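Asker: What Swiss-Prot records for this protein is below:
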- Met1: N-acetylmethionine (MOD_RES)
- Thr2: N-acetylthreonine (MOD_RES)
- 11-160: domain 'Ferritin-like diiron' (DOMAIN)
- Glu28, Glu63, His66: Fe cation 1 binding site (BINDING)
- Glu63, Glu108, Gln142: Fe cation 2 binding site (BINDING)
- Ser179: phosphoserine (MOD_RES)
- Ser183: phosphoserine (MOD_RES)
Amino acid sequence: MTTSSPSQVRQNYHQDSEAAINRQINLELYASYVYLSMSYYFDRDDVALKNFAKYFLHQSHEEREHAEKLMKLQNQRGGRIFLQDIKKPDRDDWESGLNAMECALHLEKNVNQSLLELHKLATDKNDPHLCDFIETHYLDEQVKAIKQLGDHVTNLRKMGAPDSGMAEYLFDKHTLGDSDNES
């Protein structure tokens, strides 16, 4: 492995920020991996909730795009991308739509907390460009995703999930099916 040469474009980009961006890339890829696992769980013949599958596949793609955007930023700022192993999801069986939505809500809150810590680091290192990037491309979207998942969890519970299989079928058909994956 060759050592990377110093960047000629690097300016006001602290090494702690560079390292934090690499950690955030890993977290976004992990989130994408979790959502991919969820998607194909709901696509199984014995689960057969196609709109849950579509919803989580869309989320997986979004998280991968978030990682790619951070990788592009890393290169633009003169940082170096160091990829790490992506942890596998904590489970393979997501049990129910409600359980998966609760896990997704927890995941999005963890991603959001990491972004808030990255923003604080950028503030502490006096990096207005990184602050603006996080604010513009991530923070508002995270809040909206958390709200949407919270609403989904609430509605599934009100409908009687997970005790009622009919609740998840109707939610899949009428909420996720009608929304066409609105974010």
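A Cβ is built for glycine as well, from the same backbone N, Cα and C atoms used for every other residue.
The model shown is predicted, which means the values in this text are computed figures rather than measured ones.
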Asker: Pull the DSSP breakdown for the domain 'Ferritin-like diiron' (11-160) and write it out as helix, strand, coil residue counts.
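Answerer: Across the domain 'Ferritin-like diiron' (11-160), the residues distribute as 114 helix, 0 strand, 36 coil.
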Asker: Mind giving me a neighbour count for Gln142 (Fe cation 2 binding site)? Other Cβ atoms within 10 Å of its Cβ, every protein chain shown.
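Answerer: The answer is 19.
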Asker: Whole-number Å distance between the CA of Glu28 (Fe cation 1 binding site) and the CA of Glu108 (Fe cation 2 binding site)?
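Answerer: Cα-Cα distance, Glu28 (Fe cation 1 binding site) to Glu108 (Fe cation 2 binding site): 10 Å.
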Asker: Would you kindly give the Cα-Cα distance separating Gln142 (Fe cation 2 binding site) and His66 (Fe cation 1 binding site), rounded to the nearest Å?
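Answerer: Approximately 11 Å lies between the Cα of His66 (Fe cation 1 binding site) and that of Gln142 (Fe cation 2 binding site).
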Asker: Count the other Cβ atoms sitting within 10 Å of the Cβ of Glu28 (Fe cation 1 binding site), across every protein chain shown.
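Answerer: Step by step: centre on the Cβ of Glu28 (Fe cation 1 binding site), count other Cβ atoms within 10 Å, giving 25.
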Asker: Return the count of C-beta atoms lying within 10 angstroms of the C-beta of Glu108 (Fe cation 2 binding site), excluding that atom itself.
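Answerer: The answer is 23.
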Asker: Tell me which residues of the chain lie with their Cβ under 8 angstroms from that of Glu63 (Fe cation 1 binding site), as long as they are six or more apart in sequence?
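Answerer: For Glu63 (Fe cation 1 binding site), the qualifying residues are Glu28, Leu29, Ala31, Ser32, Tyr35, Val111.
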Asker: Could you tell me the mean pLDDT over the domain 'Ferritin-like diiron' (11-160), as a whole number?
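Answerer: Over the domain 'Ferritin-like diiron' (11-160), the predicted model scores a mean pLDDT of 98.
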